[in-house]
Each structure stands twice: as C-alpha cells, then as structure tokens.
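The substrate binding site annotation in TrEMBL covers R61, Y196, K202, R324. Under the heading Mn(2+) binding site, TrEMBL lists K202, H222, D259. The ATP binding site annotation in TrEMBL covers K202, H222, G238, L239, S240, G241, T242, G243, K244, T245, T246, E287, R324, T449.
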Amino acid sequence: MLEKGLKSTVKGLESLGIAHAAEVNWNLSPAELVEEALANGEGTLTETGALMCDTGKFTGRSPKDKFIVKDSKTENTVWWGDINIPFEPAKFDALYAKMIKHLEGKKLYVRDAYAGADERYQLHLRVVNTQAWHNLFCNNMFIRPTEEQIKKFNPTFTIINAPEFLADPAIDGTRQSNFAIINFSKNIILIGGTGYAGEMKKGIFSVLNYTLPHEHKVLSMHCSANVGEKGDTAIFFGLSGTGKTTLSADPHRGLIGDDEHGWTENGVFNFEGGCYAKVIDLTREKEPQIFDAIRFGAIVENTRYIPGTRSVDYANGSVTENTRTAYPINFISNAIEPSVAGTPKNIFFLTADAFGVLPPISKLNAGQAMFHFISGYTAKVAGTEVGITEPQTTFSACFGAAFLPLHPTQYAEMLGKKMKENQVNVWLVNTGWTGGPYGVGSRMKLSYTRAMITAALNGDLDKVGFSQNAVFGVSMPNSCPNVPAEILHPRNTWSDKAAYDAKAADLAAKFVKNFEKYADFANEEILAGAPKVNVNA
Ligand code: ATP
Ligand code: MN
C-alpha cells in the first residue's frame with residue numbers, strides 16, 4: 001500500500017483489516033485536500049477560495065437509515081424505537097467485511113482528530129474516507145491535533161465512510177442502499193450510500209450523547225454556546241433552523257461552539273472544532289462573521305454560482321434549502337480555544353414558532369423550563385406544495401431527540417439538577433413569526449432577536465417589568481432596549497385578536513397532547529409549567 005502524509009506510529013489501517021488500498025493519504029493539509037478534491041472532480045473553487053461540493057442524492061441526514069447495533073452493551077440502555085433503530089450484530093460484521101473489501105484498490109483519505117475539547121472526555125477519532133472533501137470536512141469539523149499528537153495518535157473510535165458503496169437491503173439488513181450504523185461495542189460507525197457529510201458529524205454526536213451521560217455522568221446537549229467578557233457562559237438550545245449557529249456568532253462574545261456541547265461539574269465544552277452553518281439567503285450585512293468565514297479551507301455544500309461567475313448565489317435554493325458551510329472554528333475571529341468555558345448563567349431555548357403566538361422573548365420558571373426542554377418545540381413552515389399554508393408543529397425532546405440514544409428524561413433530569421444547583425436564568429426565544437402566522441405575519445427581525453438576547457445577557461431585562469402570557473404562563477418583558485415595545489407581547493401584533501387566541505389555544509393543546517407520553521416523568525412543578533389549554537373557556 002502506498003502511504004503518504006503524516007501517519008501515526010502507534011496504529012495503522014491493518015487494525016481495521018485494510019491492507020490493500022491503492023493509496024492511503026494520512027492527515028493531509030487543507031491545501032492538499034483541496035487539490036485532491038479538485039483533481040478528483042469532487043468540487044470547484046469559489047471566488048473567495050472556498051471548496052464548493054455537492055452531496056449528491058442526499059442533501060440532509062437520513063434519520064430512517066440510522067441504526068444502532070443491538071447487543072449486550074446497548075440492549076438495555078438504548079431507548080429503542082423510530083429514532084434508535086436496532087441492527088443485528090452479525091449483519092454489522094458482514095457489512096463491515098463487505099465495506100473493507102470494497103475499499104481494496106481504492107485511494108483513501110484518513111483523518112485523525114478529537115471529539116470533545118475537554119481532554120477528560122475526548123474521543124480519539126479516526127475517519128477513513130473515499131472522498132477528499134469529506135476528509136477536509138472532518139478536518140474542519142472535529143478538533144485538530146498537533147503534528148506531535150498525530151504521531152502518537154491511538155484511535156479509540158473509527159468512522160468508515162464510503163458514499164459510493166451501496167448496501168443491498170435484502171442481504172445487508174439495511175432499509176435501503178444508504179445507511180449510518182453505530183456499533184458501541186466495536187467503536188465504529190459505518191456510513192455508506194450517502195454523500196451528506198453531516199452524517200459523520202451527527203454520528204459522533206450520537207456516540208457522545210450515549211457515552212457521556214451513561215458512562216461519565218456528563219450532560220451532552222444539542223446547543224450552541226458563547227461566553228461574555230466577564231466569563232458568563234450562555235447556551236442556546238434549539239432544533240434545526242432556529243438560530244443556534246446564527247445567534248452564537250456574536251462579535252461581543254467569545255464563541256465556544258455552534259451545535260454540540262457537554263456540561264461537566266466545571267462548565268461547558270465543545271465537542272467539535274468547527275461550525276456547520278446554514279447559508280441559505282446568507283448576507284454579509286446580517287451575518288458578517290459567517291459570511292467572512294467562507295474562504296480558503298472552508299467548504300460550501302449544495303450551493304450554486306451566479307451564472308458566469310464564481311460568486312456563490314446564496315439566495316439559490318434549487319438544490320436544497322439546506323445549503324451549508326463547514327469551517328474550522330478559528331475562522332471566526334472571536335472563537336475561544338480550547339473551546340471550554342464555565343457553568344452557564346443563561347440558557348436560551350430557541351424556537352421558530354411559525355404560528356406567531358409565542359413571545360419573542362420570555363423568562364421561564366423552573367417548571368416551565370423543564371416542560372419546554374422535554375417538549376422541544378419548533379414549527380416548520382409550509383412546504384412549497386400549492387394550497388398548503390398551515391405550518392407544522394415539531395416536538396423533539398431535549399431539542400434534539402434525533403441524536404439521543406438514551407431516553408430523553410435522562411438528559412432532562414441531569415439538566416434540571418444542574419439548573420437548580422447553579423441558579424441559571426432560562427429564556428424562551430421565538431425566532432419565528434410575529435404579527436400573525438406564516439403567510440400573514442413576518443419572521444422576527446434578526447437584529448431584534450439579537451437585541452433581546454443581548455438585553456437578557458447584560459442584565460437589562462432585570463430592570464424592566466414583566467407580564468404573564470395568559471396561555472403559556474411565561475413572563476414577557478414589557479420593554480427591551482433597541483426593540484419596539486409593541487412586538488414584545490405577541491397578541492398586540494395580531495390585528496385579529498380572536499384569531500390569536502384561537503391559534504394560541506390550539507398550540508397549547510398540541511403541547512399538552514405531546515407531553516402525555518412523559519406523564520411518568522412529570523411532577524407537579526413541571527406540570528404547572530405547561531400551557532393552559534382552557535384559558536379562554
Ligand atoms: P442546525 O441545527 O441545523 O445547525 P441552527 O439552529 O444552527 O440549525 P441556524 O443555522 O442558525 O440554525 O439558522 C437560522 C436561520 O434563520 C439562519 O438562516 C438565519 O439567517 C435565519 N433567521 C432569520 N431570522 C432570524 C432570527 N430572528 N433569529 C435567528 N435566525 C434567524
Ligand atoms: Mn447550526
């Protein structure tokens with residue numbers, strides 16, 4: 001096997017059974033990987049030097065094709081169901097052997113990296129890719145070891161990712177040709193049939209969401225995090241598209257991370273070494289830090305150029321609305337490294353309420369905080385289909401159920417305990433609609449959301465009066481610097497008050513219905529945090 005690049009002296013690919021690759025490229029630099037990607041025809045260079053690639057048929061994760069091997073280790077610990085779909089150990093072994101055979105004669109790219117900025121809980125990760133740009137993605141998204149660390153690198157977890165490898169469901173036990181399978185006993189993730197790079201990142205997130213709470217009593221969280229000059233940490237939970245990445249990039253605060261964090265007895269730490277930001281409709285004016293990070297070394301996915309130029313047309317969603325960029329965290333000037341900070345003082349639950357009924361910012365008591373964390377609400381705007389105008393509610397426990405191998409209440413219990421121990425302020429922020437639902441009202445201005453978060457963080461909201469929302473019970477500030485007071489109470493922004501009341505009651509009922517499955521977990525305090533369904537009756 002021809003081998004190039006910087007290789008660990010501790011362990012090679014033989015330990016994985018790979019002995020006949022055509023060429024193994026070890027830990028190439030970003031410049032080398034960009035050259036490889038261009039030579040392989042994997043992408044093109046944008047005018048700012050970023051590498052632009054298409055992910056192929058899959059432009060997002062495929063949750064129905066994500067499996068966990070069910071064996072003696074996971075059988076009684078994983079919360080099996082639609083999210084954590086079991087996979088037979090023997091089928092895994094057979095598929096592994098088939099994939100290794102597939103890699104024979106291929107040019108491979110290997111990356112050694114860490115997941116987890118807190119050394120005590122770090123995964124030592126080895127990724128084997130068949131595409132150079134995927135390997136660059138791993139360089140950008142995971143934590144980069146030094147040359148010295150690479151020489152002594154001893155991997156504890158492996159990802160094998162071959163997008164061109166298609167499974168045969170009848171033989172291999174998958175649902176269709178693409179798959180992402182986690183094996184916690186063998187410390188391996190197998191990915192095939194999909195070119196969506198986010199499967200690697202979210203695969204490792206799922207791993208840490210199992211091992212950290214289960215083996216180390218560390219809370220893992222789907223949230224972004226930043227820290228103020230006085231060392232005050234803030235974390236932002238929220239489902240996809242609610243603003244974790246956007247709102248954590250704040251020029252006045254140090255960026256810890258944009259998506260995945262752990263909370264130990266000392267504070268928070270990032271799992272990753274990079275950011276994966278949405279770029280649909282990105283402008284320099286609204287999001288200068290993210291815009292400027294898209295330069296040499298960064299990747300942009302599934303975007304299109306302004307015809308005749310190499311200028312990315314961020315408004316173009318023709319491939320997918322989920323266009324993305326992946327860049328190392330140090331591409332954001334105020335990112336702090338290592339990505340660790342103290343215990344959070346403020347927690348934000350971000351939700352994009354497309355019904356326009358939740359207040360743009362409100363303060364939650366302990367029961368409400370637990371209720372909303374377990375509910376994990378956001379709304380998806382209507383699709384492009386003609387005639388469908390009603391937004392859809394999404395409830396995803398802990399604002400990230402798709403990535404949680406354990407039962408949601410395990411994470412919720414840990415968070416509840418930490419909130420009580422540390423006197424944290426908890427805020428619910430609606431980054432979605434105001435003035436009416438999707439189609440009638442408009443999306444909350446980003447500048448207003450930023451101003452409200454700033455006011456919460458710097459204590460301005462401690463000095464203002466609050467009103468209780470009649471349906472949701474949450475406390476809404478009556479004023480906020482740099483935000484028009486009339487938008488703070490959502491009912492005031494609707495011209496049709498009866499329509500607001502009806503929509504709010506409707507959403508409240510959906511919250512309560514969704515919560516029924518957590519009845520065993522709910523105590524009186526949490527139940528008191530639920531919205532009031534019959535408030536208008
Ligand atoms: P993911 O988990 O998929 O990474 P995310 O929570 O990080 O999602 P963002 O990437 O921050 O979500 O996406 C929020 C999107 O919504 C951005 O495109 C942003 O420009 C847009 N947006 C519009 N108005 C607001 C607002 N008021 N607050 C936050 N984001 C807004
Ligand atoms: Mn994000």
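The count begins at 1 with the first shown residue.
Here the Cβ of each residue, glycine as well, is placed from N, Cα and C on the backbone.
Features as recorded by TrEMBL, highlighted on the structure.
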{"residue": "R61", "record": "substrate binding site", "DSSP class": "coil"}
{"residue": "Y196", "record": "substrate binding site", "DSSP class": "coil"}
{"residue": "K202", "record": "substrate binding site", "DSSP class": "helix"}
{"residue": "H222", "record": "Mn(2+) binding site", "DSSP class": "strand"}
{"residue": "G238", "record": "ATP binding site", "DSSP class": "strand"}
{"residue": "T246", "record": "ATP binding site", "DSSP class": "helix"}
{"residue": "D259", "record": "Mn(2+) binding site", "DSSP class": "coil"}
{"residue": "R324", "record": "substrate binding site", "DSSP class": "strand"}
List, in sequence order, the residues of the same chain other than K202, H222, D259 whose Cβ lies within 8 Å of the centroid of the Cβ atoms of the recorded Mn(2+) site. K201, F205, E260, G400, F403
Chain-internal residues, separated by at least six, CB under 8 A from R61 (substrate binding site): A180, Y196, G198, E199, K202, A402
Among the binding-site residues R61, H222, R324, which have a Cβ atom lying under 6 Å from any atom of ligand 1? none
For ligand 2, pick out the binding-site residues R61, K202, H222, S240, T242, T246 that have a CB under 6 angstroms away from one of its atoms. none
R61, Y196, K202, R324 excluded, remaining Cβ within 8 Å of their centroid (substrate): G60, A197, G198, E199, K201, Y276, N322
When you measure from the Cβ of T242 (ATP binding site), how many other Cβ atoms are you left with inside 10 Å? 25
Maximal Cα-Cα distance (Å) across residues annotated as binding substrate, namely R61, Y196, K202, R324: 14
Expressed in Å to no decimal places, the gap between the Cα atoms of H222 (Mn(2+) binding site) and K244 (ATP binding site) is 9
Could you measure between S240 (ATP binding site) and D259 (Mn(2+) binding site) for me? Cα positions, answer in whole angstrom. 10
Given a 10 Å Cβ-Cβ cut-off, pick out the one of the binding-site residues K202, H222 that has the most other Cβ atoms nearby. H222
Candidates G238, T242, K244, R324 (binding-site residues) with Cα within 10 Å of D259 (Mn(2+) binding site): G238, K244
Using Cβ atoms only, which residues of the same chain lie under 8 Å from R324 (substrate binding site) while being at least 6 residues apart in sequence? G198, Y276, A277, K278, V279, V300, E301, N302
By a 10 Å Cβ neighbour count, the lowest-scoring of the binding-site residues S240, T246 is S240
Let me check the 10 A CB neighbour count of G238 (ATP binding site). How many other CB atoms are there? 25
D259 (Mn(2+) binding site): tally of other CB atoms within 10 A of its CB: 26
Would you mind listing, in sequence order, the residues at least six apart from K244 (ATP binding site) in the same chain with a Cβ closer than 8 Å to its Cβ? C223, S224, F236, F237, G238, D258, D259, L350
